[in-house]
Amino acid sequence: PRSDCIAAEQLCLSDSSCNATYRILEHCALAKTRVLPLDRDSRVRCLNAELDLGNSSLLHCRCHRRMKRQEHCLRVFWTVHSSMTDGYFNLETSPYENPANEEHWKTDYNKLAALLSGKDCSQLAGDTTNPCLKATHVCNLSKKCVRLRTDYASICTKGASSEDMCDRRKCHRGLRNFFEKVPEDFTKRILFCPCEDELCGERRRKTIVPDCSFQYNTKPNCLWLLDSCLEDHICKSRLADFQQNCQPADTSPDGCSQHSHTACLQAYMGMIGTPMTPNYVSNSSVEVSLWCTCESSGNQKEKCDQILGMFESNKCL
């Protein structure tokens, strides 16, 4: 099995030759995060260092979505692959292990059935008109689900009336904790509950607490949103994962180049709690978007439209 990047880094640092090559790549990656222009010789040295890794485990390592020290693992990955971070459409390799190879965090349905049988189910039975409310009640049956949902909701609604008082960074961290640590059987119910009326749709849209995590007073340019994402190891990694797994393909019957809606939805959920958090745009449709605009993009308008289009008009998603 492919090693994770933290283990691969430790192995590399214990070898003098690999260690020296890795230190060069660290310098290259640092220069990029500080947006320092590298001269031609430096660029060649960086590319050669990446090639020098050959077939080492460091070059082929990946990270897991729910692993401890995830940020450290992702930093190692982008250190080794810093030549891939020049632009949005070069982020085609996800640093995350294929979902099929990861440990599945599935709900124990026998345990859930036991929980349901021990409760007054009249409340659940009465939620047929609002599947999103029913999804919330199902979440309440899990201590972890209700605790982490309550955590992010309380953080994200503090100072909701004033953007200045909303701690967006903490709100995003709370959202990521919820979607990373709670089994997907609960989180998918809440995020993708099917609605037929606006009341249900409004509840679904507010799952992400838009006033704090999603919306600004004015819509920023999507290129600015992208730049802030590329400066963050987690956001950049989730964006690469989203681009890889939600790449649309007109010739494909299901609209996905990877032929997996499950992987695409998982990658979409991974974007929540990052600077590029998407959300439903209204309470009466399933259309999703980023909170940004492509006005005043100048000669980068096409690139900006492509970023926005990955969410607004993506057949795979």
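Every residue, even glycine, has its Cβ placed from backbone N, Cα and C.
Since this is a predicted model, take the numbers as computed values, not measurements.
The feature domain 'GDNF/GAS1' is assigned by TrEMBL to 5-85 (among others). Taking H, G and I as helix, E and B as strand and the rest as coil, DSSP gives the domain 'GDNF/GAS1' (5-85) the counts 58 helix, 2 strand, 21 coil.
Looking only at the domain 'GDNF/GAS1' (132-212), the predicted model's pLDDT averages out at 88. The domain 'GDNF/GAS1' feature in TrEMBL is assigned to 132-212 (among others).
Residues or ranges marked as domain 'GDNF/GAS1' in TrEMBL: 222-316 (among others).
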